[in-house]
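Asker: Just dropping this structure here.
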Amino acid sequence: MTGGPAVATQGAGYQHLITEHKVWYKNRRMLMLNACICLLLITSSTNGYDGSMMNGLQSVSAWEKEFHSPTGGTLGLFNAIQNIGSLAAYPFAPYAADGFGRRPTIFFGACVMIVGTILQSVSHTFGMFIGASSAFFSLHSHVFYFYPLLLHISSPALRTPYRHRRFLIGFGLTFAAAAAPLLVTEIAYPTQRAQATSMYNTLWYLGSIIAAWTTFGTFRIHNNWAWRIPSALQGLPSVIQVFLIWLVPESPRYLVSKGREDEALKTLAYYHGSGDRNDPLVQYEFEEIRAAIAFDRDVAANVGWLSLFKTPGNRRRMRIIIAIAFFSQWSGNGLVSYYLNKVMNSIGITDSSTQLLINGILNIFNFIVAIMAGFLCERVGRRRLFMTSTIGMLVFWTLQTVCVALYAQDNSRKGAAHTVIAMIFLFYGFYDLAFTPLIVSYTVEILPYSLRAKGFTVFNFSISLSLIFNQYVNPIALGKIAWKYYLVYVVFLAFEVVFCYFFIIETKGLSLEETAALFDGADTVAMITENAHIQAGTDGASNDSNEKIDEKQIE
């Protein structure tokens, strides 16, 4: 990296080939495709539901009583255990997505999550749960060898069906989440790909909103149904996917990689060309996919995990992917996402109803901002959104830190306490500009097909590691050093601003294959684009691809 930030200019390898000028909602096949994409997007809602549910349940007295008012490390493990379950599945998820297909992997993950939710909903004792799940764990003892140890060293509150269920849901979620966003980006119409994939992580807030208002509605129930109802509803997205996933088309890129080219062309033609296999856009996409996969096979005959770091281009990819994964969780948002009640208690807002109401409104606010940012990504650009997001977060987190400190020094400063709430909303407004809609879409679009599943697994693995640290350490740190812990995130946010300025590359206006090839240099992009034009028999092969990407800008 030399000479300042990395930027790429806009390209349009396929734009002049688009002959469909109807708005998408007047095109029956486009409507069907987008309905299929919506089914895939709700995978993220399951994860969002869990975070908000755990946040809300900490303000539910029945939950507190059932689990002996967990605090510190015990409370941290209550939140972190789902991500520990996710870690157990990461070695297998990408092989399932690449080997069996995107749809079967989503189906398997949804089934596992349903089992976990059912076990939680019907269990009344630890013994009942062990009787129902021991076969599963014995069959996978090589994966879960550390789990009994975790239960042994933890408090009695953790040795409950609730804790096991969350581990199992994390395991299933990894499979579904490893394949769903890949399938979204690989079947979406080219001009809608960026927006559709950006919606994946944005739908996290849909689940979060449902959980927040469900717990707000059930916390007045004076028995265990106050927390059992929200827990049972977490399985609803998975139930919908199990019944409808086979109506979703398989990825054309997966089909080409398995030699099923006729099926891939049929899928592209049906959804992108109104059934016409000779449509110029369909032919261009098909040949571009073939060229990109052939190129990947030539440069990496044995695509293993080390391939992610073998070439300079791949190392640039992984540097960005791992960084934005940690940024998405270590920007201070982890405090509010999982421990809002602790934050509210620290500024004198202790009423459970008020805490749950703030949680519900905050999630609606986040959802609206994230949706707007997701639809703007192709117009404004990824890099500009990342820069605006990190700078805004730094400013408002710093102001929030000042206000928390002022209240901690003098509890009569009610104005400072109320300002903290405003700063939380403003902080999240800027967080949602980039780190909700873009982190998934940006990750999958910069990875070539052969590395997409494995690279996305590394991204999810990095998020899980950062979440486990956050969820376990945050309550302990807040209890020990109170508001001073906020200063850690001030420093880290300043680092994020510098990193994004120098390393985030603009990708708007490029096709999926062109975006992935961007990191391998202008020659690679030119080769893939020109070959696709030649094989498809479309105009554009003679265009100078250097107009699309200035090689000096990606050094």
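Glycine too: its Cβ is placed from the backbone N, Cα and C atoms.
So TrEMBL lists the following for this protein:
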- 545-555: compositional bias 'Basic and acidic residues' (COMPBIAS)
- 36-508: domain 'Major facilitator superfamily (MFS) profile' (DOMAIN)
- 536-555: region 'Disordered' (REGION)
- 31-49: transmembrane segment (TRANSMEM)
- 100-119: transmembrane segment (TRANSMEM)
- 126-147: transmembrane segment (TRANSMEM)
- 167-189: transmembrane segment (TRANSMEM)
- 201-219: transmembrane segment (TRANSMEM)
- 320-340: transmembrane segment (TRANSMEM)
- 360-378: transmembrane segment (TRANSMEM)
- 385-408: transmembrane segment (TRANSMEM)
- 420-444: transmembrane segment (TRANSMEM)
- 456-473: transmembrane segment (TRANSMEM)
- 485-504: transmembrane segment (TRANSMEM)
Asker: Under 8 Å, at least three CB pairs between the transmembrane segment (456-473) and the transmembrane segment (360-378) (pairs 6 or more apart)?
Answerer: no
Asker: Quick check for me: are there 3+ Cβ pairs below 8 Å between the transmembrane segment (385-408) and the transmembrane segment (100-119), leaving out pairs under 6 residues apart?
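Answerer: Judged by the Cβ rule, the two regions do not touch, with the required three close pairs absent.
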Asker: Thinking of Cβ pairs under 8 Å, which stretch from 31-49, 167-189, 320-340, 360-378 has the most of them with the transmembrane segment (201-219)?
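Answerer: Between the stretches 31-49, 167-189, 320-340, 360-378, 31-49 has the largest tally.
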Asker: Taking the transmembrane segment (320-340) as reference, which of 31-49, 167-189, 360-378, 420-444, 485-504 has the most Cβ pairs under 8 angstroms?
Answerer: 420-444
Asker: Do any residues of this chain, six or more beyond the ends of the transmembrane segment (360-378), have a C-beta under 8 angstroms from a C-beta of it, and if so which?
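Answerer: For the transmembrane segment (360-378), the sequence-distant neighbours (Cβ-Cβ under 8 Å, at least 6 residues beyond its ends) are 52, 194-195, 198-199, 201-202, 205-206, 208-209, 212-213, 216, 336, 340, 385, 424-425, 428-429, 431-434, 436-438, 441, 508-509.
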Asker: Would you report the average pLDDT that the model assigns to the domain 'Major facilitator superfamily (MFS) profile' (36-508)?
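Answerer: Value for the domain 'Major facilitator superfamily (MFS) profile' (36-508), mean pLDDT as a whole number: 83.
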